[in-house]
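Working notes, structure below.
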Amino acid sequence: MAADEARSVSRLHSEEDMHGKHHSTLWGDFFLHHVPCRPGQYLIMKDNVEIMKEEVKKMLLDVGSSDLSHKLDCIDTLERLGLDYHYTKEIDELMCNVFEARDQDLDLTTTSQLFYLLRKHGYHISSDVFLKFRDDKGDIVTNDARCLLRMYEAAHVRVNGEEILDNILIHTKRQLQCIVDDLEPTLQEEVRYALETPLFRRLNRVQARQFISTYEKSTTRINMLLEFSKLDFNILLTLYCEELKDLTLWWKEFQAQANTTIYARDRMVEMHFWMMGVFFEPQYSYSRKMLTQLFMIVSVLDDLYDSHCTTEEGNAFTAALQRWDEEGVEQCPTYLRTLYTNIRATIKAIEEDLNFQNNKHAKLVKGLIIDMAMCYNAETEWRDKKYVPATVDEHLKISARSSGCMHLVSQGFISMGDVATSEALEWASTYPKIVRAVCIIARLANDIMSYKREASNNTMVSTVQTCAKEYGTTTVEQAIEKIRELIEEAWMDITHECLRQPQPKALLERAVNLARTMDFLYKDADGYTDSRSIKGILDSLYVHLID
């Protein structure tokens with residue numbers, strides 16, 4: 001035991017460890033002192049928003065008797081501005097009316113918008129609605145940029161086997177790329193954003209922040225809606241900052257007591273952003289804080305098993321977590337005993353909070369930590385044996401689950417209280433197809449961006465290496481291209497499962513939001529590990545109010 005501890009201490013001093021390979025926090029104590037607006041200003045904003053909410057509700061009642069195109073535009077605008085969460089019932093009623101009127105003789109632009117919104121809201125609508133627009137060669141031809149954009153967005157809610165949507169996606173993407181530089185500035189901005197991230201895959205707050213600026217330039221804007229969206233955005237930003245103040249205090253104490261700074265990434269603000277991507281609404285403030293705490297612990301465990309502890313230490317620590325008692329950690333070195341104590345203290349505090357809220361699922365929280373530790377420990381066996389799985393599917397059986405997404409969905413449901421039933425939690429724990437698809441997107445997107453770094457760190461082989469082995473590709477680029485195809489298939493599975501609606505829409509939306517968050521974080525870089533790549537976005541969501 002003494003020799004084991006001595007070896008651990010020696011390693012801490014002799015290695016640069018993870019802290020030397022990843023940049024330090026970009027935020028530090030920033031949110032302990034950052035106050036976006038004065039309390040009086042905040043109350044005035046909330047009062048004004050309540051007035052505007054009622055005005056928009058009246059507007060929606062009027063829209064109910066308007067033509068189909070106007071209904072679609074109204075819903076689309078509210079969703080892009082990030083205001084739709086205030087009007088779930090009203091929009092559901094409008095979408096029901098839209099579905100009943102879907103057989104009208106519509107032009108291609110309106111048909112595309114109709115198709116996109118119905119699919120997004122879980123309605124079954126056949127892609128055959130596009131057949132009538134094909135020419136003699138079987139192509140759908142248009143030179144209208146706005147129409148191309150609508151078609152492009154519609155094609156991104158396809159499911160497997162929809163050949164017409166596959167073709168629409170290929171052709172509209174190619175055409176939009178060709179004409180984007182020649183479009184007028186506002187439309188050009190929309191097209192470039194869509195080519196980077198299609199509408200269905202965008203994060204609510206990121207999309208709202210971007211579209212508010214676009215909408216402000218529109219000659220057809222409704223000024224009250226613009227002002228409403230700005231105030232609502234600023235109110236949520238202020239709430240997020242209050243949460244980050246509390247979380248900063250917790251994280252500073254956890255780091256100091258558990259001494260994780262020497263090997264673990266310090267990404268608490270980025271983790272809050274991750275959770276906010278899944279639960280952005282104000283009523284889920286506790287969900288964001290609880291999940292940020294839980295998954296910061298998961299992040300520490302990821303780094304611990306990945307690059308810091310020995311195999312023997314990992315085995316002992318995993319066994320201790322499985323026992324979950326004071327005696328279980330006695331065989332571990334001092335630094336792991338300290339970490340163990342602080343993990344249990346955080347979990348106990350969360351359980352007490354949930355019990356106080358009369359949440360009957362509090363006892364399930366610690367299972368996240370235990371299961372993630374077991375996943376990470378299993379991965380070290382592959383690493384130590386230098387084993388390369390024969391197929392991507394074999395790899396994903398372990399690595400997709402270790403992405404933590406399955407656990408985030410389950411723990412997210414727990415944090416929602418009565419919104420999630422015991423049946424919903426049981427369903428989530430069976431690793432249903434939609435959750436598996438989210439996990440696959442997370443794992444594959446992460447591996448694409450982290451492949452080079454992790455290949456040089458002697459960590460577990462990634463799906464990139466496994467894909468190259470399975471398909472006999474000669475270059476990393478070819479393997480990555482194949483992996484991108486698998487990601488697209490996973491998105492199609494998500495759309496398909498949302499159309500089946502095995503669970504309430506409010507719960508399915510959390511899984512979709514998680515996929516959107518993973519898409520954002522790993523689109524151009526590993527945005528969690530190298531959070532400098534998303535610093536500008538975080539500034540716009542947490543620091544700067546909209547004037």
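Just so you know, the numbers here start at 1 and follow the chain as drawn.
Just so you know, glycine gets a Cβ as well, placed from its N, Cα and C.
Owing to the predicted nature of the structure, the values given are computational and were not obtained by experimental measurement.
Annotated by Swiss-Prot as motif 'DDXXD motif', the relevant range among 227-231, 302-306, 417-421, 457-461 is 302-306.
Long-range Cβ neighbours of D302 (Mg(2+) 1 binding site) (same chain, at least 6 residues apart, Cβ-Cβ under 8 Å): M372, Y376. On the backbone, the CA of D306 (Mg(2+) 1 binding site) and the CA of R443 (substrate binding site) stand 15 Å apart. Excluding D302, D306, R443, N446, which define the substrate site, the same chain contributes S399, S402, S403, S450 within 8 Å (Cβ to the Cβ centroid), listed in sequence order.
The average pLDDT the prediction assigns to the motif 'DDXXD motif' (302-306) is 91. Residues D302, D306, R443, N446 are recorded as binding substrate; their most distant pair of Cα atoms lies 15 Å apart. The Cβ of N446 (substrate binding site) lies under 8 Å from the Cβ of S403, M518, Y522, D526, each of these being in the same chain and 6 or more residues away along the sequence.
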